[in-house]
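Enquirer: The structure is given below, and queries will be raised subsequently.
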Amino acid sequence: MKNYIEIVDVYARQILDSRCNPTVEVEVELEDGTVGVAAVPSGASTGAFEAVELRDGDKSKYLGKGVLKAVDNVNTIIADELVGMNVLDQVAIDKTMIELDGTDNKAKLGANAMLGVSLACAKAAANSLGMSLYQYIGGVNGKVLPVPMMNIINGGKHADNNVDLQEFMIMPAGAPSFSEALRMCSEVYHALKSTLKAQGYDTGVGDEGGFAPNLKSNEEAIVVIIEAIKKAGYTPGEDIFIALDPASSEIFEDGKYNLAGEGRVLTPEEMANYYVELAEKYPIISIEDGMAEEDWDGWKILTEKIGNKVQLVGDDLFVTNTERLSKGIKLGVANSILIKLNQIGTLTETLNAIEMAERAGYTAVVSHRSGETEDTTIADLVVAVNAGQIKTGAPARSERVAKYNQLLRIEEELNDMGEYRGLKAFYNINK
């Protein structure tokens with residue numbers, strides 16, 4: 001196997017994401033003519049501690065959301081340093097960009113510029129070696145197909161409705177394989193659409209392909225999903241479980257949680273009890289961002305109450321950042337981390353966060369963003385690191401389905417070597 005393959009060109013362009021906003025796409029060319037291409041996603045509800053996504057701010061073009069500055073940074077500053085480097089040395093590539101940027105949050109070059117380059121380099125390396133991306137990143141050990149965490153009802157910032165909690169999801173942890181899990185979710189999605197229609201609700205979809213009806217309460221979203229699970233012929237809490245992403249930082253005001261759609265304002269203790277009641281009443285296996293990103297006390301309360309039986313995922317809380325995660329581990333808050341590549345900005349730092357989480361007994365959930373592209377890197381990443389769970393939207397909208405289809409290909413390629421862990425993916429809670 002080759003041990004040095006030179007980078008000969010690094011080039012970026014501005015493309016569109018699934019929300020009609022510009023984003024960065026990068027091509028990396030190698031001495032043997034191989035090319036790797038990667039496109040960068042973007043979030044709607046972003047954590048305050050995420051790495052900086054560089055936008056142009058020119059209101060006359062794309063409402064100020066252009067990324068030509070980030071593109072230029074790739075084509076000049078970053079390209080000048082990386083051309084001539086060994087594409088197989090991912091750590092050196094990412095370290096070089098981090099040093100070039102010189103800030104704590106990638107504000108100079110932009111995390112969107114750096115991530116595009118980081119991922120394009122990994123893809124170029126894999127292509128040059130004739131390997132799948134998951135094999136290149138994970139080696140011979142990358143073999144676990146993930147349980148989908150599939151968003152089928154949208155609220156909050158992902159939809160224009162009166163539902164406060166941002167995402168209501170299903171997890172087919174009782175499925176025997178990934179392909180069967182995907183089939184189950186697809187059938188529930190269709191059952192949910194017909195159930196909503198029958199009850200007179202709108203079946204328009206949100207950013208991530210989930211439906212966005214004007215339901216009477218957050219709890220009604222859970223009830224209608226359970227009805228759809230049963231209608232599809234499955235057993236809630238056995239075949240398929242419920243997962244929530246309240247995105248609580250978005251409803252946290254003056255130390256309290258404002259459930260405006262329900263006309264309720266709750267203290268952190270009351271909010272924790274709200275989740276406790278839901279978890280006792282319904283088969284909820286995972287809650288993401290149940291508390292706000294700076295409400296460490298609230299997180300502690302929630303973890304002490306249900307952290308032994310519900311997966312508590314830190315997204316805005318941890319932002320794929322080892323410093324934030326280390327603090328959470330020391331304080332004993334949450335028991336899982338959401339992994340979003342663009343929150344931190346390089347593949348190396350992403351892998352470091354996953355490794356830290358797993359060493360501490362935290363699960364890792366690899367995730368998309370609400371503004372996505374046809375790029376399928378996260379499908380390969382989740383298998384490479386054996387994370388066991390992926391969050392990438394409803395089985396609708398091609399930028400979401402692209403990830404699921406890539407996982408079907410990987411499952412086929414792994415054949416008997418592949419493993420779908422189902423409930424075993426939730427190894428740190430009592431189910």
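Heads up, the Cβ atoms here are built off N, Cα and C, so glycines get one too.
Feature table excerpt (Swiss-Prot):
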type	residues	note
ACT_SITE	E208	active site, proton donor
ACT_SITE	K340	active site, proton acceptor
BINDING	Q166, K340, R369, S370, K391	(2R)-2-phosphoglycerate binding site
BINDING	D245, E288, D315	Mg(2+) binding site
Enquirer: What does the structure give for the C-alpha distance between Q166 ((2R)-2-phosphoglycerate binding site) and D315 (Mg(2+) binding site)? Integer Å is fine.
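Expert: Their Cα atoms are separated by 13 Å.
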Enquirer: Count the Cβ atoms, other than its own, that fall within 10 Å of the Cβ of S370 ((2R)-2-phosphoglycerate binding site), considering every protein chain shown.
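Expert: 23, counting other Cβ atoms within 10 Å of S370 ((2R)-2-phosphoglycerate binding site).
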Enquirer: Where does K340 (active site, proton acceptor) sit in the DSSP three-state scheme?
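Expert: In three-state terms, K340 (active site, proton acceptor) counts as coil.
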Enquirer: In Å, how long is the longest CA to CA span across Q166, K340, R369, S370, K391, which the record gives as the (2R)-2-phosphoglycerate binders?
Expert: 17
Enquirer: Should R369 ((2R)-2-phosphoglycerate binding site) be counted as helix, strand, or coil on the basis of DSSP?
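Expert: DSSP assigns R369 ((2R)-2-phosphoglycerate binding site) to coil.
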Enquirer: Pull out the recorded positions from the set K340, R369, K391 whose C-alpha sits within 10 Å of the C-alpha of D315 (Mg(2+) binding site).
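Expert: Near D315 (Mg(2+) binding site), where near means Cα within 10 Å, the recorded positions are K340.
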Enquirer: What does the structure give for the C-alpha distance between D245 (Mg(2+) binding site) and the residue listed as 'active site, proton donor'? Integer Å is fine.
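Expert: Distance (Cα to Cα, whole Å): 13 Å.
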